[in-house]
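*Asks:* Can you keep this structure in mind? I'll have questions shortly.
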Amino acid sequence: MIFGLGSSNLKIKEGSARFQYLATVTGCLGVISGAMHFGWPSPSLPKLLDDSSHIQVTSEDGSWLASMPCIGAASGSIMTAYLVDRIGRKTCMLMTAPAYLIAWLMVAFATTIWELYTARFISGWADGLVFTAFPMYLGEIASYDIRGLLGSSIQLSMIAGMLIINAIGSYLSITNTALICSALPPIFFVTFMFMPESPYYLVMKDKIKEAEKSLQLFRQSRDVSNELSRVSEVVKEDQAQSGHFYELFTVPSNRRAAIIVFGLRTFQQFSGTTVITFYAQSIFREASGDISASTASMIYFTLQLICAMTSSFLVDKVGRKPLLVISIIGSGVALSLEGTYFFLSNNTTVDVSNLKIIPLVALLGYVVIFNIGMGVIPVLFLGEMFSTNVKALALCLADIWFGILVTAASKFFQIMQDGFGISVPFFTFAICCALGLVFIFFDVPETKGKTLEDIQEELKGKKEKEITEKNPVLYSISS
């Protein structure tokens, strides 16, 4: 059956998910813009720190340039928590395009360090919007059978953005890099503005007719009455509660969702991703000789990208929980190997000259296994776990918590390395992987093949049998 929308000439097979993919791809352009800004210091700071730079930058200035987006993101996340249920997920996303564009133009034509600080803060503010609004948007437009694939695109886009900025920034000047990158935000704005708003937001605003049209477009089906009824029912139940800050922790289902999401984010950062990223170039150089920092970075991010793509296709087939378990076990093994090598190298008289391949193999193994599960799925859960009445607040707090975790893990790595040697943080993060395995095994539910409504029912303590009986048609199709 062929389905046309309104007066449009667009013809897509009924039941197709193409519009969901289209909305995801266009939205991901905003994520890539943010990731390029975030990764900008990697190829740019060495140029700014050089004596020939037209802007005099100290190492302390460099650390502030690197961390300024985190400060901006906190303000952006707080603002999004207020705006996203008032002006919509889509509008919040579109607001980031002019911010990213202004930030790139400021970088391109900056003559003082304060102009760079301001540009980095603005880009961080936009990050706060995009990384709060987009997980909500994707979770609410996606069909249950491809929600994992679409949700994984956020982490995939972040890695792609980091790879792109390292590739461009390593070979072009700071000005030319910024001017080239400034082309992406307008492309994002022009393409994403034609995408429909989230049906959940439209139902929240009593725009039922628009919500129906949104679902018809995303599902490519004229008859969406059953799904619209389920969305209306769950939104009505959620809005019966006020959505105040304290309800995130006092309502049992919200509290459990917060524990799962915040816990996974914590173990994600303390399962070694920070220390591996910091030490990747040194490991490459030690194992492979005179390899440039830019080449090492591109190898690292390319491998990450391939693995994240693999994970995005597996997550709806294998499931979230098995991938998390495999990922965190493998990460712990790789970190233990790294720690053992550096302990033998730095703290004993054992000759490790013939073992230099071990840290490289462990590094590559870590990148593969971490990005199969722990690198992708905690981000996916942001759009799956929370009820509509607390989702905006929860994602705001999750973004702020993530910034705190990145800073804490980085500082922990630095303190442990300076005080006890490089092997200690590797071993410590390996122990964190073991603790994370226990957390995943006992506390993290499987959400594969479940609608957002079903996930909320499960968080409220209802058995799978009760949920299946409530929606027998869906489960007869999915089984």
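Placed from the backbone N, Cα and C atoms, the Cβ positions cover glycine too.
Residues annotated as domain 'Major facilitator superfamily (MFS) profile' in TrEMBL: 1-448. Here TrEMBL flags 21-40, 64-84, 91-111, 174-195, 291-315, 322-345, 357-381, 393-413, 419-442 as transmembrane segment.
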*Asks:* Using a Cβ cut-off of under 8 Å, list the residues of the same chain at least 6 residues beyond the transmembrane segment (64-84) that approach it.
*Replies:* 37-38, 41, 45, 48, 57, 91-92, 113, 116-117, 120-129, 131-133, 136, 392-393, 395-397, 399-400, 403, 406-407
*Asks:* Which stretch from 21-40, 174-195, 291-315, 322-345, 357-381 shares the most C-beta pairs under 8 Å with the transmembrane segment (91-111)?
*Replies:* 174-195
*Asks:* Looking only at the domain 'Major facilitator superfamily (MFS) profile' (1-448), what is the model's average confidence as pLDDT?
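*Replies:* 87, rounded to a whole number.
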